[in-house]
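Read the structure below first, then the notes.
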Amino acid sequence: MSESRRAALVDRLRQLGPETFWTVMLGMVVLAIYFASIGACGPWDPWETHYGEVARNIVAREDPMDLWWRPGYGPQGKREGVFASKHALPFWCMALSFKVFGVGTGAADEMVRSPIPEIALRLPSMLAGFATLAALGWCVGRLVHWRAGVLTAAALATMPQFAILTRQAVTDMFFVGPVALAMVAWAMAWLEPERELKTVGKGWREVPMDRAWWVFFALFVVAAVVPLAVMHLHVVDADTIAKVTRWNRKKTATLADLHEVARTLWIYWGLIAVVLVRALRWRRRSQAWMGVVYIAGGLSLMGKGMIGPGIIGLLILMHMLVSGRLSLLWRGRCELAIGVVLFVVTCFPWHHAMAIFRGERWVNELIVVNNLARFASGEQDQAVGGFGFYLRTLGLAALPWSAVVPPALWAAMRAFRRRELEPGDGELAVDASGRPLDSARELHRLATLWFIVSFGLITYSVTKYYHYLVPCLPPLAALVGLWLHQLLPPPKPAKEDGQAEEAREVPAPSEGLGLPLGAVLAFALGGCAIAFMVVRECLEEPAWIAHLTTYLYTGMWRKGAAPVGRMIWCVAPFVVGLLLWIARQGRAAVAAMVLSGLLTTAWVIDDYLPATSENWSQRTAMRYVFDHAEKGDKLLSWWFYYRGETYFSKRRIWVSMEPNRKELREFVDDHRGKGSTFWVMTTVRHAERAPAHFPADLRPGIEVVYENFHYALMRVPVP
């Protein structure tokens, strides 16, 4: 770079305000950490590969409505068909990404040859995670101070469980993101002063022309109008009609069902028209943000299920009760009637269409088995636990920030104290709900309720998986970010053109530095103890980090994780930060803590995950098959069903979930005399037993050509 260009770049950096500079720097570092090793980690079994294959089938079958999964062919190759365990939004996003990147309909080996399939598969979840970071950080920065917003985003981005789930193609970010968006929109609707929307035109031609309204409208089009249009065009398409006609079904998925779906979808176009007419009459900013709340509720249901709108509704109700805003309901300020319609047009069309097309069995599996039953009764013996289950998990999921959860919660509890009026305060301004304006304190209270309610709800659920904790991380990050902000010196009022602006009030003096030395010492030493215990447990069971995003925790799934010794050096700066807090060095303490968070996340994402992925992904084994298989060879999944074999082979695989000797020998006999070689995927344990299940003349030639801690690939020549 020439001297002139370097000087110009330096000048531009100097011209940036501190909020822009630190936001850009944080964003660049986080993007570098998250993307650095995205292609080095093969898709993990069972969820990434399962969901990826469902998304690939949307592209291959050109069917965005009827989600589909089929293992392959053979004894259990047609064991499943309709995919009814999850809602559609994550798979629509993955399928769109596949389409954009040209993945899913190419050569047989395309899923193992380059990092493009991994990027296409994971990018939607990453975008949802980044959007969550941006929305939460922006909201905290607007209502409190830009510094608090940056620290909140930094804390959330560097929580290991949030980072891993953002980097993996699972459904959680499509649920957590909309929940966070709903709470951000609720805060923006009522914790700031009300104002009129900017409009253009006069009389009946007057329509909103305001940023808040355009945020609502853009989200409305993307979340409700576009999916409905795509689905409606699909069900009336001639190719779809011809395909359903060829099926010739008698009870469900018939041509009559398809025509009924097409007629039913017109109802939702009518509701969209009602929403649009009403939205054009909105004149207050709070109305636009409440519209975002209802759309976000619908998106959360489309992302993960009824837990999403359930959490949002419960959180808002609790906040109204605790903060004295319940009158917003009976005063009609919440736009409840049109809000219900917004929620319906966002999440009902696909469910309604599939209920008509696939019938009662589909409804029962999706709604009853995979939503209600999981909350009321345990799904698996390993997926249960008591109150301490998620407390223990939080230690690792939020490491290193879990070490400061006690002081952050203490500061949050202090936010519930009644504010003392100072002499000279005069008449207080009010927020949009009519209560005294105190945005920073009110946001602190809202984040506290958000964390407590979310944590209580997942703890109450009978089914307990580690990844169910992730909806608690955004509010926890907000609490941590606000606490870190209070450790720093009070911000100076902003100035523009030499004139001081009226700065938004922030808590002062610092809660963190204002504590007695004994309390600071107790919190700091307690944080050191928490960090020590979490690191010690990770050293004893390295697979614990991998378990944060899966549901298989026992047996062979406790083996094969990468060493975690380097975690000690990543967490060490955080301990230094706690000691600096004791020494009343707020800036240095915050810098050390943020550095520790970045180091920990970089190690987890770019060191631990790539090494561990070798045992949680079948990509290397499948790549070996495509490198060495010849024309006429067959790929088998024997005594094995972990989904990756289907995803990487694009369903070109013979599937036997049980060790059925008769069916295996029949398949062998069908290929004798053809010079074929069988490539058999199974577990390491089952590979040891496999020779006894093959015909005696094949046993001498059986060879294990690839093996990790979980899987084995066998080469079986068939004479």
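Glycine is treated like the rest: Cβ placed from N, Cα and C.
Per TrEMBL, these features apply:
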type	residues	note
TRANSMEM	21-40	transmembrane segment
TRANSMEM	119-141	transmembrane segment
TRANSMEM	148-167	transmembrane segment
TRANSMEM	173-191	transmembrane segment
TRANSMEM	212-230	transmembrane segment
TRANSMEM	261-280	transmembrane segment
TRANSMEM	292-316	transmembrane segment
TRANSMEM	336-357	transmembrane segment
TRANSMEM	468-485	transmembrane segment
TRANSMEM	513-535	transmembrane segment
TRANSMEM	561-581	transmembrane segment
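Contact between the transmembrane segment (148-167) and the transmembrane segment (561-581) is not supported, since fewer than 3 Cβ pairs fall under 8 Å when only residues 6 or more apart in sequence are counted. Tertiary proximity for the transmembrane segment (561-581) is limited to same-chain residues at least six positions away from its ends with a CB under 8 Å from its CB atoms, namely 399-400, 403-404, 487, 512, 520, 524-525, 527-528, 531, 535, 538-539, 542-546, 588-593, 595-597, 599-600, 602-603, 607-608, 611-612, 615. By the Cβ criterion (under 8 Å, sequence separation of 6 or more), the transmembrane segment (292-316) is not in contact with the transmembrane segment (513-535), since fewer than 3 such pairs are found.
Only pairs six or more apart in sequence are counted, and the transmembrane segment (336-357) with the transmembrane segment (468-485) gives fewer than three Cβ pairs under 8 Å, not enough to call it a contact.
Under the criterion of 3 or more C-beta pairs below 8 Å, with sequence separation of 6 or more, the transmembrane segment (261-280) and the transmembrane segment (212-230) qualify as touching. Away from its own ends, the transmembrane segment (119-141) comes close to residues 19, 23, 30, 34, 38-39, 43, 48, 52, 55, 90, 93-94, 96-98, 100-101, 103, 147-150, 152-153, 156-157, 162, 165-170, 173-174, 176-177, 180-181, 184, 187-188, 443, 474, 477-478, 481-482 of its chain (Cβ-Cβ under 8 Å, at least six residues beyond either end).
Within the chain, the transmembrane segment (21-40) has long-range Cβ neighbours (under 8 A, six or more residues past its boundaries) at 13, 114-115, 118-119, 122, 126, 133, 137, 146-147, 150, 153-154, 157, 163, 166-167, 598, 601-602, 605-606, 609-610, 613. Using a Cβ-Cβ cut-off under 8 Å and counting only residues 6 or more beyond its ends in the same chain, the transmembrane segment (468-485) has close neighbours at 132, 136-137, 140, 144-145, 147-156, 159, 161-162, 165, 172, 175-176, 179-180, 183, 311, 390, 393-394, 397-398, 401, 404-405, 407-409, 411-412, 440, 443-444, 447-448, 450-451, 454-455, 458, 461, 506, 511-512, 590, 593-594.
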